[in-house]
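> Below: one structure in structure tokens.
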Amino acid sequence: MSFSHSFIFIVIFCMQSLAALLQNGFMATVLGREWVRSQGLPAGDMIMACLAASRFCLHGIAVLNNFLASAMFWTIKNYFSILWDFTNTVNFWFTTWLAIFYCVKISSFSHPIFFWIKWRISRSVPRLLLGSLIIGGLSAISSATGNTIALQMAACENYTIYYKMMAFYLYYFRCHAMLMWVIPFFLFLLSIILLMFSLYRHLEQMRYHRPRTHDYSTQAHIMALKSLAFFLIFYTSYTLLLTVSVAHVINVHGSWHWAWEVVTYMGISLHSTILILSNTKMRKALKIKFPDLCIPRS
């Protein structure tokens, strides 16, 4: 790729990151103010506030990491890579909890276990969020340990031992990444499948009853599915692209690096837009802040 093409993708990446920082900063600020003012938030808004804050940090660290790598500041980049690992892991889990929360609250399954989860989920959200931070911390510690060992091995004069240890480190890092990303991803998929099945059952039941003018249950299903269906695409692409990068299936550290970064982070950037447009509080705050702004309905 020529320098001009690389420069274009650098500009696109910076603009995309700036938009994501503004979007997530806006969500975190609006919900954070309400959290402080009312001494609490509904469980769904609490997850969304934490998700917005984690994505704000994730995009900021991604920008720093990419420019530090371009400037060859590898030592400083290694420290920020540990922070990126923490925020990325936390972001995966916060996203999964939001999907599970939607599924539990909106779905209409009658199994006793499901009723028990529905009854407990709101009160369990603070502990789930704290657990996500703990998992992110453990992930960061594991990443820091691996980086330290890799740096020590780089100074080893025995090349046979060096190559064996580096091969082990790469295998360890890939397994670590897969464990931290794949588990929440499959929980997210399960939540969407259950929610879609619940909507299908609800629509089938409606065929045998007289249609109501305002079917709020169906509307709730459709609104959640619109948000989750779009994000299923974005979240899957983000997970797959990260997996490909870690597995080194494609060499993305060359001239195509910036194009790869644009595509990778595009998914979660677009999902932040969907979250703002599908949330009543966010739409209201946008309307107050920008009265002349035409906001499309979700």
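Quick reminder: no glycine exception, Cβ is built from N, Cα and C everywhere.
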> Examine the ranges 7-27, 28-48 and name the one recorded by Swiss-Prot as transmembrane segment.
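Residues 7-27 are the ones Swiss-Prot records as transmembrane segment.
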> Does the record in Swiss-Prot have Lys77 and Arg120 facing the same side of the membrane?
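Going by what Swiss-Prot records, Arg120 is on the opposite face of the membrane from Lys77.
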> Which residues, given as numbers and ranges, are at least 6 beyond the ends of the topological domain 'Extracellular' (77-96) yet have a Cβ under 8 Å from it?
47, 50-51, 54-55, 57-58, 61-62, 64-65, 68-69, 129, 131-133, 135-137, 139-140, 143-144, 147, 151, 180-181, 184-185, 187-188, 191, 231, 235, 242, 268
> Is it the case that the transmembrane segment (177-197) and the transmembrane segment (97-117) touch, counting contact as three or more CB pairs under 8 Å in which the residues of each pair are 6 or more positions apart?
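Between the transmembrane segment (177-197) and the transmembrane segment (97-117), contact is present.
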